[in-house]
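Read the structure below first, then the notes.
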Amino acid sequence: MKLLGIETSCDDTSVALVDETGATLFLETLGQETLHERYGGVVPEVASRAHAQILPSLVQKAFQETNTDISELLAIAVTRGPGLSGSLLVGVSFAKGLAFPHEIPIVPVHHVIAHLRGAFDQISDLHGKTLGLVVSGGHTHLYDVTRWPKLKLISRTVDDAAGETFDKGGKLMGLPFPGGPAIERMASVNTRSILPLTKGPIRTEDPLNFSFSGMKTAFSLKLRQTIHANAGVLSCEDQSLWADSLQTAILDHLFSRITKVIEAESPDTFLLGGGVAINRALRTRMEKLCHQKGINLLMAPPKLCGDNALSIAMIGLDSMKQGLFTPFPYRNFSVQARWDPSE
Ligand code: ATP
Ligand code: FE
């Protein structure tokens, strides 16, 4: 038996097939960066249309390349939320349409829980008290995940997410969308001392919470002054300096909070997932911190940091083993664009 995973919550169309042991038979993720690039951000209407065009042929490709017949499907796992309503609706409607004639069970999956699922192979890998940080385009949220798959929120951003800060910074610097990978690339070639982007430590009402909006404003104001002083031009060297300065400010702030939470909670295991988790500077600092504190660190491998259907399929498999699924005829099952994972 096989399990099909479908992910369409934002601007990546992803399909995966796994067998009943969890072995990957197929995984393909098609991003839509080129479609959204000229708008400088994801346009929901454009994203849902692109999913509707791409998804059927991607599923067909998965079946063909793995010689799979629909009768072999144990279940279909699909992202139910959170995300863009139109994008989610394409995945969920397609899953229902495919499942209905064959009465195949559907597993509705939480996108944020899936980002953390990418960090480990088996649930038995989670030892003792476990924390999980999701750093992505819409989330900078730290959870106690000891009772996996139940999540208890410990701290979160009170404004922008870390990924959003990378993206906005990249846009201000005129770098390609999304800003995260472009900033990481530019930052890696900087040779000058970085610029301070905040006057002092960032304060939030709860000292464990994250906040990126002040840093973003400081970055924007200082960058504009520099560009203005240089007759509207930002040299390649300057781009590297500003990219490194922003990346360092984002990571310094993340780690000021992560360190406090680790000291307060003393976890045995720490999970890291989400699109920003692919950043090498972040991974290196995380490894160093967890090594110092004697914590077992599980980070999503690069191919599972961003949105992907393999993590969706793995949650589908876990859920089927526990008998948790939506049976035919899928009554009251639709998308949930806003969905708190600790519910
Ligand atoms: P969410 O998961 O919160 O709903 P999302 O699905 O849009 O949001 P992801 O696809 O998980 O977010 O991650 C995308 C984010 O990851 C973008 O903000 C992008 O800039 C960022 N990102 C990708 N690569 C890197 C990198 N190398 N360094 C920093 N950030 C990165
Ligand atoms: Fe995501």
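The backbone N, Cα and C atoms fix where each Cβ goes, glycine too.
TrEMBL does not curate its annotations; it predicts them automatically.
Features as listed in TrEMBL:
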- 29-313: domain 'Gcp-like' (DOMAIN)
- H111, H115, D307: Fe cation binding site (BINDING)
- V134, V135, S136, G137, G138, D167, G180, E184, N279: substrate binding site (BINDING)
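Here the features listed in TrEMBL are placed on the structure.
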| residue | record | Cβ neighbours (10 Å) |
| --- | --- | --- |
| H111 | Fe cation binding site | 25 |
| H115 | Fe cation binding site | 30 |
| V134 | substrate binding site | 30 |
| S136 | substrate binding site | 24 |
| G138 | substrate binding site | 20 |
| G180 | substrate binding site | 27 |
| N279 | substrate binding site | 25 |
| D307 | Fe cation binding site | 27 |
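Among the binding-site residues listed (V134, G138, N279), none has a CB atom closer than 6 Å to any atom of ligand 2. Put simply, of the binding-site residues V134, S136, G138, G180, the one whose Cα is nearest the Cα of D307 (Fe cation binding site) is S136. Each residue contributes its Cα atom, and for G180 (substrate binding site) and H115 (Fe cation binding site) these two points are 17 Å apart. It is 20 Å from the Cα atom of N279 (substrate binding site) to that of H111 (Fe cation binding site). Calculated from their C-alpha atoms, the gap between G138 (substrate binding site) and H115 (Fe cation binding site) amounts to 12 Å.
Across the annotated binding residues for substrate (V134, V135, S136, G137, G138, D167, G180, E184, N279), the two most widely spaced Cα atoms sit 19 Å apart. In three-state terms derived from DSSP, H115 (Fe cation binding site) belongs to a helical segment. G180 (substrate binding site) carries a helical DSSP state (H, G or I).
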